[in-house]
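See structure below.
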Amino acid sequence: MKDSALIELFLNEIWIEKQLSQNTIASYRLDLTALIQWLEKQQLTLINLDAIDLQTFLGERLNQGYKATSTARLLSAMRKLFQYLYREKYRTDDPSAVLSSPKLPSRLPKYLTEQQVTDLLNSPDVDIPLELRDKAMMELLYATGLRVTELVSLTIENININQGIVRVVGKGNKERIVPIGEEATYWIRQFMLYGRPFLLHGQSSDVVFPSKRALQMTRQTFWHRIKHYALLSDIDINSLSPHVLRHAFATHLVNHGADLRVVQMLLGHSDLSTTQIYTHVAKERLKHLHERYHPRG
C-alpha cells in the first residue's frame, strides 16, 4: 500500500476515534506529507524506515530553520501515525518510540490591555452592515472567550439571546454553556435586526455570523478583519494572534480575581494546567507595574 494511502487510513481512524477538528487533521496531513516526500527522496517508505531515519528527518528540518514548536507538532503526528501502523500490524515495531521531543520555550499568550480592547471594539463603523457584524463578533468573542473556530461556526440554534447564553461544541465534541453578557447581547441583537438580513440577501443560513456571500466565514477572514481594526486602533499587529480576544478575556478575568477553575470551564480547557498560563500573565503584568511605578522598582 502506498504511503499516502496509509496516511489517509490513519487520519480517518483518528478523526473518528479522537474526534479531532478538521483543522487538526489538516495540520497532521500537511506534516505527514512532508515526511513521505522526504522518504521518497531517500528511497524509503513508512514501512521500512527506522528510528535513525526519523531522527535524520527531524534534524534536517531543524537545520532548515523550522521552529521547535513546528517540530514538536510534527513529532506528535509521527508518533500517532507509527503507533497506528504498529497497532494495525503494518509494522512490527514503532520507530518513533525512542525519539525525544524538542525543548519548547515557555511562551506567555499575547493579549491586549483593557484599554486596547475597548479601542479595538469601538473601531467598526456600526452603520455599515459588515462592520456591525464584526462589532458583534468581537464583542461576543471578548465576552465569552470562544475559540475563533467556535465563533465562526456558531449556529442560530446554539445561541439564546433572551437568556444571554451560547452553547458551544468545542474540541473533542465537548459541550459547554457560556454566558454572553449585556454588551455583547445588545450588539448581537442589533446585528440580527439590521446587519444579518442585509448580508443574507434573502438567502437562509444556519450560522449566526455569515460572510458577505451569505456563507460561513473562515478563520482566516476573521483574522484579517481583526488585523484591520487593530491598525485603525494603532495596535501593533505583530503583538496579536487570532486568539487575542480569547486571551484578553481570560487574562482580564484572572486580573480581576476570577477563580481559575471557572475560567477553565468557560474556556473549555480539559486540563487546569492549560488555564494556569493566565496566572503567569497576570504576575508578569504586576511585575511590570511594580518596576514602572514603585520608587525602588
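Cβ from N, Cα, C; glycine included.
Quick look at what Swiss-Prot annotates:
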- 1-86: domain 'Core-binding (CB)' (DOMAIN)
- 107-291: domain 'Tyr recombinase' (DOMAIN)
- ARG147: active site (ACT_SITE)
- LYS171: active site (ACT_SITE)
- HIS243: active site (ACT_SITE)
- ARG246: active site (ACT_SITE)
- HIS269: active site (ACT_SITE)
- TYR278: active site, O-(3'-phospho-DNA)-tyrosine intermediate (ACT_SITE)
Between ARG147 (active site) and HIS243 (active site): CA-CA distance (Å): 7
Between ARG246 (active site) and ARG147 (active site), the C-alpha gap once rounded to whole angstrom: 7
Where ARG246 (active site) sits in the secondary structure, as DSSP reduces it to three classes: helix
Per-state residue totals over the domain 'Core-binding (CB)' (1-86) - DSSP helix, strand, coil: 68 helix, 0 strand, 18 coil
Cβ packing number for HIS243 (active site), 10 Å threshold: 21
